[in-house]
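Asker: Following this message is one structure expressed as structure tokens.
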């Protein structure tokens, strides 16, 4: 059993903080492009699949704290050879995500807050900080992640509360029957985000087993979908679907207009800078998951320089590939969500169903 353990609450707070980074890049623009003013309903339409996914993340690895993560769950479902092949695929995908997301986060930060900073320097700074966070123990990283999650959650709540003061509700309603198919079609970007949840499943073997953990993952999935729905509802209500389609990061544009005269004014710079914590949590989580995969492939052993090699590979990807913004945006908004649906949703669901079927046969 791994000595470096965390609680399920810590893992879920890490995941919450990490997912805030890609969330503002993808939503609500992608769902609005598919569903118009009904785009906010896409998160609610995705709820059944997200709950099934939460069930699969619990079922495939088996008992939390027994040293079994998603890699061991894949082995239990499909056998050792198929599992090792899948873990290699996940590892390659993890390194690609680490590199491409670093460049995407750097571009977003430079475009809204640090316009005069050179892109390569900012990318290297992000990766150096990621390495500093990611070469330590998971428990130390999760403690930092708890602080990040509380700060980011408070900032998000404040921003959404202030934004409701200028929300025009006719931008999000009324919703007619003919709008519902679009809302269902808008599920893909939401599931693309939910697919990142497999990152947490690969760390499940380092989660302490507690009786009160039963059902917590399902509740978290439900609350996460509710948050996405409210987030999109307010963003669409503030701008309307027509204007929102032309924005790169609608949430940051929303921040420029929020405030209470004499009390909260010009809060956007603070919250935009604070979002770098979400980026670092996201990148750090990917790094820890890649390290866990390396340990699985090495039968419990992790070479000393693993984190450095992974970050160096990510740096090469971030600095020398997809330097065109159009290509980067297309990849992160189209290809990555589709791959996340396959690797983060379809494969874990299949593994969970097979593991459950095998357990059922054992009890017959």
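Just so you know, glycine gets a Cβ as well, placed from its N, Cα and C.
Per TrEMBL, transmembrane segment is recorded for 38-57, 78-97, 117-135, 147-165, 185-205, 217-244, 274-294, 306-326, 338-357.
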Asker: Of the listed stretches (38-57, 78-97, 117-135, 147-165), which one yields the highest count of Cβ-Cβ distances below 8 Å with the transmembrane segment (185-205)?
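Answerer: Comparing 38-57, 78-97, 117-135, 147-165 against the transmembrane segment (185-205), the winner is 38-57.
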Asker: Could you tell me whether the transmembrane segment (38-57) and the transmembrane segment (306-326) are in contact, taking contact to mean 3+ Cβ pairs under 8 Å with a sequence separation of 6 or more?
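Answerer: Checked: the transmembrane segment (306-326) vs the transmembrane segment (38-57), no contact.
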Asker: State the residues, same chain only, that lie 6 or more residues beyond the ends of the transmembrane segment (274-294) and have a CB under 8 A from a CB inside it; answer 'none' if no residue qualifies.
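Answerer: Tertiary neighbours of the transmembrane segment (274-294) are 14-15, 17-22, 24, 69, 71, 87, 90-91, 94-95, 97-98, 101-102, 105, 109, 126-127, 129-131, 133-134, 138, 141, 145, 148-149, 151-152, 155, 199-200, 202-203, 205-206, 302-303, 306-307, 310-311.
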Asker: Let me check one thing: do the transmembrane segment (38-57) and the transmembrane segment (117-135) come into contact, meaning three or more Cβ pairs under 8 Å with sequence separation of at least 6?
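Answerer: Judged by the Cβ rule, the two regions do not touch, with the required three close pairs absent.
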Asker: Could you pull out which residues elsewhere in the chain have a CB under 8 Å from any CB of the transmembrane segment (78-97), counting only those six or more residues past its ends?
Answerer: 71, 198, 202, 286, 289-290, 293-294, 296-297, 310, 313-314, 317, 336, 339, 343, 347, 351, 354
